[in-house]
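Here Swiss-Prot flags 1-25 as signal peptide, drawing on sequence analysis. Residues or ranges marked as compositional bias 'Low complexity' by Swiss-Prot: 24-36, 44-55, 76-85, 93-104, 125-137. Among the features that Swiss-Prot reports, region 'Disordered' is placed at 24-141. As annotated by Swiss-Prot, compositional bias 'Pro residues' applies to 56-75, 105-124. What Swiss-Prot records for N141, N153, N185, N200 is N-linked glycosylation site. Annotated disulfide bond per Swiss-Prot: C152-C161, C218-C268, in sequence order.
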Amino acid sequence: MNILSQTQILHLSIAILLFITTSSSSLSPSSSSPSLSPSPPSSSPSSAPPSSLSPSSPPPLSLSPSSPPPPPPSSSPLSSLSPSLSPSPPSSSPSSAPPSSLSPSSPPPLSLSPSSPPPPPPSSSPLSSLSPSSSSSTYSNQTNLDYIKTSCNITLYKTICYNSLSPYASTIRSNPQKLAVIALNLTLSSAKSASKFVKNISHGGGLTRLEVVAVADCVEEIGDSVTSLQDSIRELDSINYKDSAKFEMVMSDVETWVSAALTNDDTCMDGFSLVKTAVKDLVRRHVVEVARLTSNALALINMYASTQENFS
């Protein structure tokens, strides 16, 4: 073990030599290798390799964008962008674009302001114009109806009188002459209708001898009533109430003719006294209507005559 081979001794010697050589070369201050010397790169600022390989300078260059943001707030680039980011400048600045673009919000009130004035005029004028006419029309129509109702109270068939004349209230108003004339015209229309109906019965055939006689007499009587009513309307419609003598004479004639028409209606029905068939009921239905209207018309004529006589 204490004995080494020559080969081992040789290897050990070489190793020791190499170690010594390496140690001496690293500790030598006179080494001229510029690439391994740390002092020249840091001390020489003008050397290109240290500047390009220096790790400290690249970071400031790459981080330089972070430093500019603080200074720019006072610079113009941020002041030009401040309107879009900062809401206070647009509101404070009257010449800024946003307020002028929002200014249309004020025109709507201006455009709506004209719409508020129109409502007051229409509401006031239509109501003021319609209220007098509607109230006047309602009052006038009610007055006319009251006049007809009061006038019909003197008739024998009050309901028939009012129902037949009330549709003509606006024409009659409070005029007793028009009231009498319209009453006569309604009576004449009913008499013509009854005369036509009775004539159709006589032409129908199938009647008994008594029915034929009664129908023929009735046709004649109603015909006379129609004539009397027509004469009465003609005279009453053109009467001059200012001439009292003429007025009294005409009114006397009218009263006589209308009374005769009423008598004719009664005579018509008297002819069916011996008839017990349905024909009598049919004729009676029409003739009775004429007789009642004639009776009412005669009462209104008498009222008109007495009113004018008292006035004279």
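From the backbone N, Cα and C atoms, a Cβ is placed for every residue, glycine too.
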Validating a neighbour-count step here. Other CB atoms within 10 A of the CB of N200 (N-linked glycosylation site): how many?
10
Let me know how many other Cβ atoms fall within 10 Å of the Cβ of C152 (disulfide bond).
23
How long is the line from the C-alpha of N153 (N-linked glycosylation site) to the C-alpha of C268 (disulfide bond), rounded to the nearest angstrom?
28
I'd like to confirm something. Which of the recorded positions, C152, C161, N200, C218, C268, has a Cα closest to the Cα of N185 (N-linked glycosylation site)?
C161
Compute the C-alpha separation of N141 (N-linked glycosylation site) from N200 (N-linked glycosylation site), stating it in Å without decimals.
41
Quick tally, other C-beta within 10 angstroms, N141, N153, N185; top of the glycosylation sites is N185
Nearest to C218 (disulfide bond) by Cα distance: which of the recorded positions C152, C161, N200 is it?
N200
